[in-house]
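According to TrEMBL, the feature domain 'Major facilitator superfamily (MFS) profile' maps to 21-253. Per TrEMBL, the feature transmembrane segment maps to 20-39, 60-77, 89-107, 114-135, 147-166, 178-197, 232-252.
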Amino acid sequence: MGGAVVDEGPTGIKAPDGGWGWAVLFGCFIITGFSYAFPKAVSVFFKELMHEFGIGYSDTAWISSILLAMLYGTGPLCSVCVNRFGCRPVMLVGGLFASLGMVAASFCRSIIQIYLTTGVITGLGLALNFQPSLIMLNRYFNKRRPIANGLAAAGSPVFLCALSPLGQLLQDHYGWRGGFLILGGLLLNCCVCAALMRPLVAPQVGGGTEPRGPQRPPQRLLDLSVFRDRGFLIYAVAASIMVLGLFVPPVFV
């Protein structure tokens, strides 16, 4: 899931298919786990939120809905940020946003405030981590890219199996506010994963600083030419329809 992001990185740099790439894979595994599992796992707090604010289940379900909307809907913004600042800085900021949103949510006094903190801020933070992590993974792996993407995607079920019972345990011992606060602390691990995303450096020629191979022209902040590709349009529409039915049943069940 999500392994369709492909970015070959700077021209002239060969993917190592190992080495530090395994550290990048580990970071991507954690980021993918948080990104896909968190919107589902947070639903264990819904009953407490319903009791706290006197609202219905559909109102609390908006939390996961906004999280997912930010995760997928801010893709163009993530692309612009990555093209402008690079993967690692964007992911560091995203990790801080993800943590800050959950910490702020633990002090909220209304469901609208939780929409803004857990939904918008944490969702944006996860989005700023997820897409750049896949870009870095695809830069570090070429021949082993299928298995690398598969291992990274395995973070989703692993984290869902861990975060859901953890959330229930935190709720039983500390209430939903304490649970949100601790989960916010856990999301700071996204910053640690961001630190693992070391950029690939072009090889030097004869002690100089010029990279081998032809230079790639400067990237535009947002390249819309991909929408002229019929195959991409079919894939984008099909993936959008798939996602509509992928997350809704687990959240409401």
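The backbone N, Cα and C atoms fix where each Cβ goes, and this holds for glycine too.
Predicted, not measured: the structure shown is a model, and the values here were computed from it.
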Determine whether the transmembrane segment (178-197) and the transmembrane segment (114-135) share at least three Cβ pairs under 8 Å, counting only pairs 6 or more apart in sequence. yes
Six or more residues beyond either end and a Cβ under 8 Å away: which residues meet both conditions relative to the transmembrane segment (147-166)? 1-3, 21, 25, 28-38, 40-41, 44, 133-134, 137-138, 140-141
The answer for the transmembrane segment (114-135), taking Cβ pairs under 8 Å and residues 6+ beyond its ends, is 2-3, 5, 7, 27-28, 31-32, 34-35, 38-39, 42, 49, 62-63, 65-72, 74-75, 77-79, 81-82, 87-88, 90-91, 93-102, 104-105, 108, 149, 152, 180, 187, 190, 193-194, 197
Arithmetic mean of per-residue pLDDT over the domain 'Major facilitator superfamily (MFS) profile' (21-253): 87
